[in-house]
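Undergrad: Below: one structure in structure tokens.
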Amino acid sequence: MFALGILVAVTSTVSALHVTDVEYYDLPRLFHLDDWEECAARRGRYCLGTFDLMPHQNERLYSVIQHLSADRYRFNHTRIHRGLCLPSSCAHVRDPSPRAHFSACVNHMTRDQYGLETNLTELQYCRIAGNTQPVDRWDLTFLYVTGLLLLANIVGTTYHLMASKDGTLIKQLVAWSVVDNWRRLTVNHSNGGDARLSALKPLQGMKALTLVLVVMAHSVLAYHLTYLYNPRFFEQSSHHILSAYMQNGTSIVQTFIMVSSFLLAYNLLLHAADNPKKQLSLKMFPRCLLHRIARICPLYMFVLGLATTWWTRGGDGPLWSPMVEDEAARCRDKWWVQVLFANNFIKPDDRCLIHTWFLAVDMQLYIVCAVLTLLLGRWPRVAVKILTVCIFGSMLMNFAIIYNWQLKPMVQLMIPELMRTQFPGERSFTWLYSAPWDSLPSALIGLLAAFLYHCHQEDGYQPAQSRCLRILYRLSVPCMFLWVLGGYWMKDVTRPLVVALYATVDRPVFMALTAFAMYGFINKIDSVWWKFLSWRGWELLGRMSLSIYLTHWLISLTLLAQRTNTNRAAVFDIGCHWLGTIFLSYCAALPLHLLVELPAMRFLQSLAM
Ligand SMILES: *[C@@H]1O[C@H](CO)[C@@H](O)[C@H](O)[C@H]1NC(C)=O
Ligand SMILES: *[C@@H]1O[C@H](CO)[C@@H](O)[C@H](O)[C@H]1NC(C)=O
């Protein structure tokens with residue numbers, strides 16, 4: 001009897017949550033957009049907004065909607081999103097203010113069709129379709145800066161080509177030579193160069209591949225920001241086991257942090273080994289920092305300038321305003337925070353180019369890593385021990401932070417409704433995902449790998465000869481995939497201790513595996529991976545990583561925001577969007593790298609040194 005009671009209770013809760021296909025399609029559509037072009041042609045007023053559904057005559061439908069929305073992996077169906085052209089959609093409703101007209105119009109439609117009331121909770125805009133903003137001071141300033149940069153390139157290139165080959169060239173001018181920069185982009189270090197540096201070739205392959213995967217994840221995120229024709233696609237696919245790679249794959253960005261701290265430490269150690277008179281010391285810190293800032297800042301500011309000015313004029317459509325113009329407006333508001341690399345701390349909830357959290361964290365950790373390397377560089381063997389302790393210490397600190405503030409791992413945040421709104425006010429996003437301390441273990445692992453690699457080279461140690469290492473190396477790449485997949489079983493875990501433990505070890509374990517694999521790649525433990533990752537193509541793409549990383553989000557948003565209808569989500573559609581974004585990002589990155597990033601970096605460095 002008791003068991004039967006439990007059975008009935010269980011099945012009734014399950015059936016309460018289970019909504020049949022027919023019932024699903026009886027609900028009001030989550031998204032709807034009127035024809036934008038028609039509205040522009042008729043000079044109508046296009047309004048876009050979000051409405052809360054409220055019970056009216058149809059209580060049953062309302063409770064079905066509420067049950068459905070209780071599932072975290074569904075969009076919140078009590079909130080519907082509408083873009084309507086007024087007055088053509090509601091000629092019979094008369095109201096003087098556009099807001100009231102829009103609100104009454106949607107209310108009428110939902111009541112007639114579904115027996116539910118609506119309340120306008122967020123009005124994105126009401127404007128005459130097709131009207132554009134006039135050019136302002138920011139736009140003009142950006143135009144002048146771009147003109148100046150082009151002029152500098154023309155002058156630099158002409159000077160480089162005209163100047164006699166034997167005389168000494170002025171470094172500040174040659175820095176702007178496109179010919180010289182093209183040579184730098186395509187130079188092949190492996191022919192007669194430093195063998196220690198050419199051994200690092202697989203790193204470029206790792207960077208390029210990581211970037212391709214990051215663009216994929218961001219393509220999926222960008223799809224969530226649009227009005228979807230079939231929101232059900234994401235609701236269903238997020239239960240699929242392979243979706244774990246989407247929801248739990250965010251650790252992969254850490255590869256950049258690990259590789260960049262590895263390169264920083266390794267290059268400094270090589271520098272110290274080549275110049276025995278110049279010991280590493282904190283006195284070199286300002287130079288290191290300037291070097292980094294000269295590399296990142298000019299291009300970053302250029303892209304930020306583009307995003308706050310002419311980007312908003314690159315298209316139009318019903319979603320152009322929420323997806324592009326609002327983002328640009330937030331960027332104008334906090335551009336100085338972005339330039340100071342503090343966007344993950346100051347106004348963290350105003351999302352300006354969501355992917356730039358990484359640049360801030362990278363710069364903050366660069367400072368930590370540079371100080372550590374300069375302090376410990378003289379005693380690499382001691383450094384290995386100290387860094388190991390630091391890694392575990394930082395993980396302990398993270399555990400305390402996560403447990404104390406009850407933060408959640410990213411895999412539990414990747415749910416449709418939060419992705420649609422870009423994690424608004426989500427503490428775990430601000431204080432864990434995009435906070436420097438959660439990436440600190442990865443940076444330290446990179447440092448440790450550099451010190452270990454350096455020591456092994458000095459000792460003439462050959463890891464390829466160790467059978468144990470060879471086996472572990474073979475296991476490392478499959479383990480990386482398995483570890484990410486393991487997040488699938490963490491999606492619904494709620495016990496605070498387990499959640500905090502998982503959130504603490506998630507990134508460090510993945511990075512330890514990646515670092516181990518990297519160690520194997522650069523030691524040529526097997527030639528297949530080495531050949532694949534050392535391909536010349538990756539080298540070129542790897543060098544342009546920063547330009548590609550900075551532009552891909554703008555391109556992804558542009559491609560989706562200029563569509564004038566609801567977007568159909570499907571594996572092939574998103575796949576094509578992903579490939580299109582990659583292709584266009586590479587196309588945009590080439591001139592950015594050649595005409596802005598490289599010359600500005602070389603120019604600034606030649607001034608400072
Ligand atoms: C869905 O949205 C409604 C209205 O904004 C809100 O009251 C409700 O709490 C949301 N439901 C979930 C599960 O977040
Ligand atoms: C409608 O939404 C507004 C917020 O936009 C809120 O203040 C108001 O209470 C809501 N009305 C009802 C009846 O829920």
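Every residue, even glycine, has its Cβ placed from backbone N, Cα and C.
Those TrEMBL annotations? Automatic predictions, nothing curated.
Just lifted these from TrEMBL, have a look:
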- 1-16: signal peptide (SIGNAL)
- 142-162: transmembrane segment (TRANSMEM)
- 203-558: domain 'Acyltransferase 3' (DOMAIN)
- 208-229: transmembrane segment (TRANSMEM)
- 249-272: transmembrane segment (TRANSMEM)
- 293-312: transmembrane segment (TRANSMEM)
- 354-375: transmembrane segment (TRANSMEM)
- 382-405: transmembrane segment (TRANSMEM)
- 471-490: transmembrane segment (TRANSMEM)
- 496-519: transmembrane segment (TRANSMEM)
- 540-561: transmembrane segment (TRANSMEM)
- 577-596: transmembrane segment (TRANSMEM)
Undergrad: To the transmembrane segment (208-229), which of 249-272, 496-519, 540-561 is linked by the most Cβ pairs under 8 Å?
TA: 540-561
Undergrad: For the transmembrane segment (577-596), which stretch among 293-312, 354-375, 382-405, 471-490 has the most Cβ pairs under 8 A?
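TA: It is 293-312, which has the most Cβ pairs under 8 Å.
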Undergrad: Ranking 142-162, 249-272, 354-375, 471-490, 496-519 by the number of C-beta pairs under 8 Å to the transmembrane segment (382-405), which range is first?
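TA: The stretch I would name here is 496-519.
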Undergrad: Count, for each of 249-272, 471-490, 540-561, the Cβ pairs lying under 8 Å from the transmembrane segment (354-375), and report the range with the highest count.
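TA: Looking only at 249-272, 471-490, 540-561, the most contacts with the transmembrane segment (354-375) come from 249-272.
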Undergrad: Note the mean pLDDT of the domain 'Acyltransferase 3' (203-558), expressed as a whole number.
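TA: Within the domain 'Acyltransferase 3' (203-558), the model's average pLDDT equals 92.
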Undergrad: Hey, would you say the transmembrane segment (496-519) packs against the transmembrane segment (249-272), going by three or more CB pairs under 8 A that are 6+ residues apart?
TA: yes
Undergrad: Going through 142-162, 249-272, 293-312, 540-561 one by one, which has the most CB pairs that fall under 8 Å from the transmembrane segment (471-490)?
TA: 249-272
